[in-house]
Each structure stands twice: as structure tokens, then as C-alpha cells.
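Under the heading region 'Disordered', TrEMBL lists 27-63, 251-280. Taken from TrEMBL, the feature compositional bias 'Polar residues' applies to 33-45. According to TrEMBL, the repeat 'WD' annotation covers 309-343, 353-394, 439-471, 571-604.
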Amino acid sequence: MFWMFVWDFSLKLGMDLLQNYADEKEGDLDEPANQNYGSLNSSALESPDSSPPRLLPSKSAAPNVDDTTLALTVAQARQTQSRPIDPSQHFIAYNPTYEQLWAPIYGPAHPYAKDGIAQGMRNHKLGFVEDASIDSFVFDEQYNTFYKYGYAADPAGNNYVGDFEALEKNNGVSVYNIRQNEQKKRKLEKKQEAEEVDGTAVDVDPAEFNNPATDTWLMKNRKSPWAGKKEGVQTELSEEQKKYAEEYAKKKEEKGNAGGEKGEHVEDKSTFHGKEETDYQGRSWIAPPKDAKAANDHCYIPKRLVHTWSGHTKGVSAIRFFPKYGHLILSAGMDTKVKIWDVVNSGKCMRTYMGHSKAVRDISFCNDGTKFLTASYDKNIKYWDTETGQVIRTFSTGKIPYVVKLNPDDDKQNILLAGMSDKKIVQWDMNTKEITQEYDQHLGAVNTITFVDSNRRFVTSSDDKSLRVWEFGIPVVIKYISEPHMHSMPSISLHPNTNWLAAQSLDNQILIYSTRERFQLNKKKRFAGHIVAGYACQVNFSPDGRFVMSGDGEGKCWFWDWKSCKVFRTLKCHEGVCIGCEWHPLEQSKVATCGWDGLIKYWD
């Protein structure tokens, strides 16, 4: 029964809604809408269980937004993308279109340009210079015409510029197309002027008039460089001329001495800093300790800083251990001084050698260490006594020596080789102080000299990016190594087994060359990772040959394994360039380094 009631009510309600919709379509459209709602509500109220439908007004929950700024931004962006690109701006904050990229240059037009070049784009400090194609003959013609008559043809068109009255008077003639009658008239005027100036040119003998040896001919040809100078040669100089000649001769003499056979001369002196030069047994301070010997043959990489020597006021360019024992270390400074330091006992500076006027470039001990050589930028090579500090010999060719080396043979310790800045290797006999040989084949300054093959040959490197092998005493290259990929090699070291050469290449790698007959590059061994471009950092080996070591331009000391060519360890040694490194000849884990910070450091 209940379901029948619901069905009747629903059917009745649906029929009423359809009727109301039909009435609304047929009725007046201007009738208020609430009348329909009223009829709907009245029909709906016939059922007590139904609720009248309600239509609520729409309401937005979003806040009011002022879109004026957004509209201005969009408009500005569209305007920016549509206008040409300003050539004065340094960057573009949007992607320009093809039309913008190929549009004419933006900006005000230059007054002398037809293509709208911006006035700010000047190619000259006084304005804009525009190239014009004009023949040199035409330019000279118009230039001379303007300065002669006051008018010239305008190269931009067919009109003239300048004095138009003179233009009409001369019928636009230029200096290069003067009429024949005017040319004859000018020649006649010039001749009359010459006769008036000469005065005697009319009433003289024709033979004298045409004789170049006479004064008449000189006056006639007064435009000659020799006109009016028929005077005797000046025999005596004035006081001012004499003074100038003396000063010039003095300057020339000084210049000749500066580039002559001798280097700069400085008084040689030495200072001993130790307590006593001999001990209680009478042994010299350079004598090696009696217990100095190698504990074993196995070398180890150092880990920590043991000692620091600081005595040089400028950078240290090279260090050398005392041969065989290493109880002393010699250092060459850029402060013109050479110092020797105690390594074993006190660790202090033992003696300072002062005899150079400029930075010391290279140092080298003799075999027993009692003497050593120094090469300086003052163009002098000096041979010192290590113990007393006296200079035994001084050698100079007037050129800067870059490397000095004694022949390693014990019976040839009097033979000195020096690589010079004038591309030569000079060989001296120190007993007679005479040059016995010159090896002149390099094309640049010689940087290194390394003896190989039982000291019968030696290898030199140069700024010409090549290696040359020489027979000792014979100035002929027996092997020339130069490849397009090679760089300069300012440092070379010999492996302890004497079969290999390690060359520090300025492309940040160490190359290995064989010392056998062919002197070939070993392509399988290459040591890299350090930065040495521009610096002559020294390369060296450990006494057992297991490690390769080198300084670099960032103050580090690098260690590589000889077999695997891998980096074993790096030590931060100096502030600036670590230019030199030496392995102690007896202490298996001791290494000394020097740098441009003026310090010498000892590592264990």
C-alpha cells in the first residue's frame, strides 16, 4: 500500500513539473521567475513529506586579483620581442626571433652613414671612419687641386666643393691637366726668377756657367744639396763637439765591456758560520762521518717533515747533496749567494760563498766534494774550494751559463762543460783555463748536460725542443732527437742502472729515453699528473731506482713507481714552486726539496 502511494505521488509530481515547464514556454518571458517557483512549490507542498527545492545564488571563494601588472608585463614582453635588438646591450634575456636577428641595426642613424649604423658604434676615437674605394692618383690630383685652387671634386657625387668662383675662373681644371700655354708661361716665370736671384747669370761666360766646379754653376743650381757649401772640410772640433765625442766613446766602451769576454766582476769572499773548521783530531769540517753507510738497499717514500733550513733571502734554484755521503747539502740562491748546510749533526749553515752579482743558476760538485762549480746570471762560472771558500778559477765567455758539469771520470776532473745562452756547449781545461772545444749545433739555449755510456758520450737538451747526443771531445752530433710533439726539456736525470734517461717535459709529463745505441723513447713509461709547464723543475730517482720524483709549480713533490708508472704519493712541500728535489745517497727514506719561497726542507 505504501509503495502504491509513493508511486502515485511521484507520478503526480512529474506531471506537474512537465505542465509548469510547458506553461513557462507558452507564457510571457518577462514574467518574474518567482511565479514559476511558486507554482512549483505549491504543487510540491501537496505532499507533506516533500521539501521544496531551493536555488542558491552563486558565490566565488577566490580573492580579487589586480591583473594590471600582469597585463603590463605581457605587453612589455610582446613589445620587446617585436622590436629590433639593441647592439649596446651585453646580453639578451629572451630568445630573439629570426626577424629580430636579421633586422637593421637599432639606434639613431649616423649623419655620414647611409645604412643606419648607430652613432654609438664608432670605430675611431674621433668618430666613424668609412672606407672609400678611390684611386691614389685621383686622390692626389684632387688633394693638390684643392690646396692650389681651393676647389675639388666631391668623391660622393658629381658636384664640386670649395671655392666656386675659382672653379668658374679656371673652368674646373685640375693641377694635373693644366693647359700647355700656362705651363710655358710658368716655366718662363721660373727662369726669370732664377735670373733675378743669380744676378750674374746673364753676363757670364757660358763655359763657366755650365762648369759644375764653379760658383756660378752652384748658384744656378741652388736647389742642389751641395749648393752654397763649397767650403773646406772642418778640421777642428768645437768644445761642444769634443765633449759629445768623449761621452760617446765612454758609453761605447762601457757597452763593449758589458758584452765582451768578461762577466761582471764582484769581490770573492766567504764566511764560515761553524764553531771550528777542524775538530779535536784535526779533521776538516767537510770530512764525512766514519759511520756513514747505507743500512740497506731498499728505499721508502718519506712521510713527514724533519727539518727546515731558512737562510736565503730569495728563492732557492738548486740543491746538491755531498757526493757519496750526503752529510752536507749545497744550495744555490737567487740572492746571489751559495750556502752549504749540515745535514747530520747541527743542521745549521756551515759556510756562505759570496762571489756573484746576480742569481746563481746551477751548482755542481766534483767527485770527491772538495770543490764545486757555480753558474750565475752575471755570466761567470766559478770554481770554489768547499772547505776554505776560495775561488780557484773564474770562467766566462760573455754569455749566461745555464748548466755546468764536470766530466765524471776521476782522471778528467779538470774538464768543465757549460751549456750557454748562445746555443753552445763550451769545454774548458781548468788547469790551463783555455777553451778546448765548442759544441755548436743547438738552435736555442742549452739547458742540461748528462753523461751516458761510461762517460764516453753526453746528452744535451735545449730550448729548441730537441735532444742531441755527442761523443765527448768531438763536436759532431751522433744522434738528433726532435719530433713535432716534443716540448722543451729543462731537466734530465740518469737512472741508477744507467740504462734510462728521465726527461722533464714542459707538457706536464716525464719521458723516458734509452741510453743505448738508438736513444729511443720508451712509449710504455710515462709519468704525469704534476704541473710543470713553464718551470724547470728537477726530476730525480731514488738510489735503488724504484721511484721517480719531481717537484711541480704548485709546491708539491710527486713520487711515482718506476714499474707501474702510477703516482705513489704527493707531498705539499713549499708555498709556490718546488723547483728542486734530491734523494739522500745513503739514507733510504730521506729527501730534500727546495723552492722559490727560499726554504730547503728535509723529509723522512
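Note that Cβ sites are derived from N, Cα and C of the backbone, with glycine treated the same way.
Same-chain neighbours of the repeat 'WD' (439-471): 400, 402-403, 405, 407-409, 412, 417, 419-427, 477-482, 486-494, 498, 501, 503, 513, 515, 519, 536, counting only residues six or more beyond its ends whose CB sits under 8 Å from a CB of the stretch. Secondary structure of the repeat 'WD' (353-394) per DSSP (helix as H, G, I; strand as E, B; remaining residues coil): 0 helix, 23 strand, 19 coil.
This prediction places the mean pLDDT of the repeat 'WD' (353-394) at 91.
DSSP assignment over the repeat 'WD' (571-604) gives 0 helix, 18 strand, 16 coil. Helix first, then strand, then coil: DSSP counts for the repeat 'WD' (439-471) stand at 0 helix, 19 strand, 14 coil. As a summary of secondary structure, the repeat 'WD' (309-343) carries 0 helix, 20 strand, 15 coil according to DSSP.
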